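Sequence annotations record features per position, and here Swiss-Prot assigns NADP(+) binding site to 53-56, 179-182, 202-205, Tyr220, 267-268, 358-359. What Swiss-Prot lists as substrate binding site is Leu140, Ala141, Thr142, Ala143, Thr144, Ala145, Ala146, Tyr147, Val289, Met290, Thr291, Val292, Trp293, and the listing cites sequence analysis.
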Amino acid sequence: MSSATTMGQLPQHQTAIVAQGPGQMTIQKDAPVPALAHDMVLVKTATVAINPVDVKSLDYSPAPGAIIGFDFAGTIVALGSDAVKEGRLAVGDRVAGVVYGMDRLQPDVGAFAQYVGALADLVLKLPDHISLEDAAALGLATATAAYGLFKEMELPGALDRLSSSVPDRGDFVLVAGGSTATGTRAIELLKTAGFRPVATSSPSNFELVKKFGAEAVFDYHDPGCADAIKAYTNNELDYALDCIAEAETTQLCYAAIGRAGGRYVAVEPFRESIAQSRINTVKASWFNVMTVWGRKVELGGEYAREASLEDREFGARSFAAVQALLDRGYVTTHPIKLMSGGWEGVVEGVAKIRSQPPSGYKLVCQVA
């Protein structure tokens, strides 16, 4: 294997946060630095973002000994042979990306570590105006929003046609949970692709959601929310992306979809009893974005997935499309709340998200 920087120049061991058991983790000082595969880059981590999935995975499907974490940003220190040949990335590049954290099939790869081994085509090269702190929130939200909209929902139009000048198609798309990191990324992608995004959030986040491109935002606390959406969309809403996937949001989406029916896609399993209410007119599904790494997903129950080359290829295409937008200055970063404290701060952040999920911001920790 050829690489721009040999593994011999790098440490054999690192500090990382690894799973111990359900809800339990530890800061390990001698975790292995991941081996550099031909299609990977090795990144010296500067910042990490903490996601609800980090908590859920640790609490309900832990892989003892595996490194935790999905979202990271930092500087490339080594490239695998395929990444070298591609020529897009180089040692010293500032990047943000996403890895499958706490994977029992690849336990030495996770974001909460000094060095992250990431697939080269699932990292974004950062322009100078985006800081490593802000960039830490890009990876998982990008992967999830793109997959939900353009793969699972199969919205008309191709990823490689994303631009800032696509004529409006006139198709409304509802984003429930518009102030989440996935929600704001979905809204921006929809707007860029020529759709008309509308969203739900709490009133305190209305301006945030509009900043990302939602043409109308509705208060999900309002009992008349679904009726207001139906009125705004002329009872013709065909598509709904549910970034929350709780019973209340599923019910709201179903009530907002137009008289002719349409498509409901959720980021988590949803209440089937609600879906039965319009089974003949609304096609409903949910997805597990972890398939974009092209490996078997060994999680419990309905979260398990077989390896999918198709999803692996889609993940690469979606990041290439977003990279093009990023290069042209058409990507806005989600608000963050910055924590200090290094790896101890990350552990504290996981506990904080477990007790109080963030609203309108992503929790980011500086680790270097």
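Using the three backbone atoms N, Cα and C, a Cβ is placed for every residue, glycine included.
Feature annotations (Swiss-Prot) mapped to structure.
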| residue | record | Cβ neighbours (10 Å) |
| --- | --- | --- |
| Val53 | NADP(+) binding site | 20 |
| Lys56 | NADP(+) binding site | 15 |
| Leu140 | substrate binding site | 27 |
| Thr142 | substrate binding site | 31 |
| Ala146 | substrate binding site | 26 |
| Ala181 | NADP(+) binding site | 29 |
| Pro203 | NADP(+) binding site | 12 |
| Thr291 | substrate binding site | 23 |
| Trp293 | substrate binding site | 24 |
| Pro358 | NADP(+) binding site | 19 |
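Sequence-distant neighbours of Val289 (substrate binding site) (same chain, 6+ apart, CB under 8 A from its CB) are Leu140, Ala143, Thr144, Tyr147, Gly148, Val267. A helical conformation is recorded for Val289 (substrate binding site) in the three-state DSSP classification.
Proximity to Ala181 (NADP(+) binding site), judged by a C-alpha distance within 10 Å, picks out Thr142 from the binding-site residues Thr142, Thr291, Trp293. Closest by Cα distance to Pro358 (NADP(+) binding site), from the binding-site residues Thr142, Thr291, Trp293, is Thr142.
Among the binding-site residues listed (Val53, Lys56, Pro203, Tyr220), Val53 has its Cα nearest to the Cα of Thr142 (substrate binding site).
Packing around Tyr220 (NADP(+) binding site) is summarised by its Cβ count: 19 other Cβ atoms lie within 10 angstroms of its Cβ, all protein chains included. Within 10 Å of the C-beta of Thr144 (substrate binding site) we count 28 further C-beta atoms, all protein chains included. Closest in space to Thr291 (substrate binding site), of the binding-site residues given as Val53, Lys56, Pro203, Tyr220, is Val53, taking the CA atom of each residue. Taking the Cα atom of each, Val53 (NADP(+) binding site) and Trp293 (substrate binding site) are about 16 angstrom apart.
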